[in-house]
Structure formats: C-alpha cells, structure tokens
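Trainee: Grabbed the feature section from TrEMBL, which reads as follows:
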- 5-345: domain 'Kinesin motor' (DOMAIN)
- 97, 98, 99, 100, 101, 102, 103, 104: ATP binding site (BINDING)
C-alpha cells in the first residue's frame, strides 16, 4: 500500500501579448519546495480580493514556467504515474484551470508540431515501449474515452457512430454494485495491441468532442473528458492477475459564467461546467476535513467516475494551468487556492491483484478428481462410469513418455483410480504382445531368406563344376 497526498503542479501559459513584468515570481524555500507568488497590481487590488491584498503565495510539488516544453512536463509529471500504473497501481492525472489556460494542450497536445504532443500520446508511447521490453509477463491493454457534457455521459469511441453528432452517441449511465464499485453502462472498451492502435482511438475520440468558440478561447472544449487505459498483466503459469486503470482527464474551463460573456447554448454549457466543478470542489473540501463522514461523490457524474482518484485507491496528480495576465489574475488565484485544497487529500493506493478464476476452476476440478479417486479406494466401491476418450488418450501419452524415459527412477503417476490403473496394464500388455508378434515375424522372415540362399549356393556350385569339366575337355583335345 502506498499512502500519499495528491501531487499538485503548476504550469504557466505564455501570454498572447508581451508579459507584464512583476505579476508573478517563482521561488524555492530552504527545503527546496517551489512556491509561486502572484503580485496583484495596485490598480486591480480594489476590485476582487481580500481587502486590497497585493500578494498571494502558493506552494506546489513543481512549478513549470512559460518556457517549459511538453517533454519536461511528461518526464516530471506523467512518467512517475505511468511507472506506478505499469507496476499495478491505479493512476489519475487531471488538468484544472480556466478556459484558454492550456489544459487541453497539456493533456492532449497541439496538432501543429510533433513536439507539441501532450501527456496522453506521450504516456501511450511510453507504456507500449515498456510492454515491448518486458517479455516476462502477458499484457492486455484496453482503451475507453468518456465525455461528460451537460452532466450526461457519452462514449466517444462508439464503433457505430464514427463521425456523428454528440446526440447520436450512446449515453453512458452509472451503475453501482453492493460493494459501492462504479460501473459505466454503454461505455465501450477497445483492445489496443500497439501504440498506433491506441493513438487512433485517441484521435477518433477527439474528433467527436464538443468544441465551441467563446470569447475566452476560439476552440474551447465544452465538456470534461476522461481517457482511460486499462492494463491486465499475468506471469505465464501464475494464477495471479494484476489490473490497473490510468485516467487522463481534461476538465472544462473553470472561469465564472459572467466573465465568459456568452448566452444561449454556451451559457447553458457554462452553467453545467461550473456546477460539476462546484461539486468536485465540494468533494475535495469534504475529503480535506478530518472528521467528515459523508463525501458527496454522487452529486455529479464526474465525481462518481473519479471516486477512486479522490481519496481512494489511486495515485493522483493535478496540474493547475495558469494564464497569469492582468485580466486573468482572479481566476489564476482561484485555481491556485483549489490546488492547495486538493493537496490536503490523502490517497491509499494498493496493488490490484486477484486470482484468475479460470485457473482456480482448473485447480479445483483436479482436486475434486483426486478426492473422488481416494474415496473410491477407501470405500472399496469401484467407479463404474467409463473413461472418456480424452482420459484414455492422456493415459497412453503418459505410458509412452514413461517407456521412453531413460531414468531408472521414473514413475508412472496415474492417481488412485483403479479404472486408470487397469487401463495402463492392458495398454502395456498390448504393447508387449505387439512387440512379440513383430519379433516372431522378423525371425521367420530371416529364416526364409537363409533357406532361399542355400539352393542358390548349390546351383552356383554345379555351374562351376560344369564349366571346369568343359575346360578340362578342351585342354585334352588340344593336347591330342
């Protein structure tokens, strides 16, 4: 079991226009814990926060400034979670921040350059690279992609609607078993044997996502998306199977509705987004309070799906994405405050191991058979049912391997079943008789060959004698 708090990181997005100097600074204390200080200019301090307070300081496990590239983000944030996932622990990485602060770029990546790949494609690449290197286990990988839009779940990888509108995709519903485990009905699982197959599923899901233009972002993701990798591993011959899940979550923007300046459908979307993020915050506040007995996971679909990730069996990491420009300082401070609350939550990750039920059944069947054989010997009641063809074939294979074994101490193990013992004796007797018959045939055929050879020798002898007589007569005539 691994007990640790949720790891929190901050990533500062490069500004669209030239950065205003002095709005924030990154520092480290004597314990090398990085801290982010946000300085509110005097002309803004009158408006939105805490009695004209001008400075806010927040501590993180790591802070990545504007020049941090995608490779650095993966190596420091995602790679440790991926390594734990390969070892059999559940993992979650989620990005939180206002619209346009770089959540989707951090999690999924940009499409312009290969180096812009985000956490999901880089993690998939790393996982399949490690699986190729490890030949000691048998691995099975499945992918699912869930979108939560206006508090309704949709399967982004539904094979029947490859390029349809969101309304046509099957709705995913939540079911809870008696052990309070969450099951997602209508969410398809797709096996991926290679990195290419997994990336194709990611691209398919991304084409079906709800995206709209807002004043904050021209291509704003209007939903929460949870990309999940399911991994099963088993050593050959072992009955123990390890299962692990890795959630890679791209949350929708967290800014206030009034600030977005939208109306109509976009306003409805913004209300649902803020409501679900409000419930997420409620869960986090409840988890950070020591004596709180009830945690309101069921208030929203997202908190239900991520129940294990928040205060459960999971190693969780949060990335706070920040757009530290003057107009976004209030939202950035709000995001950092949220991250500080998240950092108080303790998770207990355990190794997810279970016994393979098929191997257990096979072992129990063998044990039942042995007990039946033992019972038949003790009671003296012979078993009357005939051996099956498969059993007879197996016995004959055992006899063959026993006879071919050169070890004088080898034994023929067939159990205590008298039917099997009798069959072994009959089969050995048959093999012995077949060998005797074959030996007699060989001896008789050799005798016949010898008999055939004798007349041939006498005939040759007579021919030689006749030739000799002819030669003597010819000599006598020439001499006369």
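The backbone N, Cα and C atoms fix where each Cβ goes, glycine too.
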Trainee: What is the one among the binding-site residues 97, 100, 102 whose Cβ has the most other Cβ atoms less than or equal to 10 Å away?
Mentor: 97
Trainee: Averaged over the whole of the domain 'Kinesin motor' (5-345), what is the pLDDT?
Mentor: 82
Trainee: Tell me which residues of the chain lie with their Cβ under 8 angstroms from that of residue 101 (ATP binding site), as long as they are six or more apart in sequence?
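Mentor: Correct list: 13, 253, 321, 322, 323, 328, 331, 332, 335.
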Trainee: What's the number of neighbouring CB atoms sitting within 10 A of the CB on residue 99 (ATP binding site)?
Mentor: 24
Trainee: Tell me the Cβ neighbour count for residue 103 (ATP binding site), meaning other Cβ atoms within 10 Å of its Cβ, over all protein chains shown.
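Mentor: So the number of other Cβ atoms within 10 Å of residue 103 (ATP binding site) is 27.
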